[in-house]
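Below is one structure, written out as structure tokens, with a few remarks after it.
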């Protein structure tokens, strides 16, 4: 018997978040409000942990540690949010999404900066993004409207994508182009599923009632959003690493950074082929 059949409130009590998603609350487990929306966040926890270990091993610039760290914080925040549906955990998810994207915009803006320099590059943009991050947090705490978070996050994502397109056109890098296409395809497909979950929730709920139980998790569109969007954002960090080191080819004269392991890694490889 599903838990939802005999109780509509689990361990964490009545939801206090401003959003409650299409997955039925506490249907699978007494301690987890949205089981599949919670588990799917592993896609934003395990890959960035691997990425942090890998960038340390390959001695990439410290800025990329923070890129992975923001994904990790969002992953844990989203996991806590969907596990509890508490407002505090919702903030743990949504605020770092905006902050992390601000940092991504900054990293993409300093691709050409000498990584060995101790001077902080593009101070004006950095200050602007810090002000935006703090200002957004203050306004969102005072006016907790989900559409505000969606709008701000969406604008920042669009800016980062525009930056990546600009770098591709300027560097004429085939690897950058390929990574961008894979990342944007994954992200947009996840965003499509996120909208399906919001718009067709009633239809999806009816569908779940008429299919075998073992198939029901595959209809959790918001969980799939976590997986595809998390994967796409992870590849965007690899894009940032590759474009940075591709520009500064003086660090590796005879090698090129190429993605490996289904875009979970990026490695120096010796090649005579032009990229």
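Keep in mind that glycine also has a Cβ here, set from the backbone N, Cα and C atoms.
The model shown is predicted, which means the values in this text are computed figures rather than measured ones.
Looking at 124-142, 200-218, the range tied to transmembrane segment in TrEMBL is 124-142. Range with TrEMBL annotation transmembrane segment, chosen from 65-83, 255-273, is 65-83.
If you compare Cα positions, residue 34 (Ca(2+) binding site) sits closest to 82 out of the binding-site residues 82, 222, 226.
Between the CA atoms of residue 23 (Ca(2+) binding site) and residue 222 (Zn(2+) binding site) there is a gap of 8 Å, rounded to the nearest whole number.
Taking the C-alpha positions, the distance from residue 82 (Zn(2+) binding site) to residue 25 (Ca(2+) binding site) comes to 9 Å.
Rounded to the nearest whole angstrom, the C-alpha distance between residue 226 (Zn(2+) binding site) and residue 21 (Ca(2+) binding site) is 13. When each of 35-53, 95-112, 124-142, 148-167, 223-245 is checked for Cβ pairs under 8 Å to the transmembrane segment (65-83), 35-53 comes out on top.
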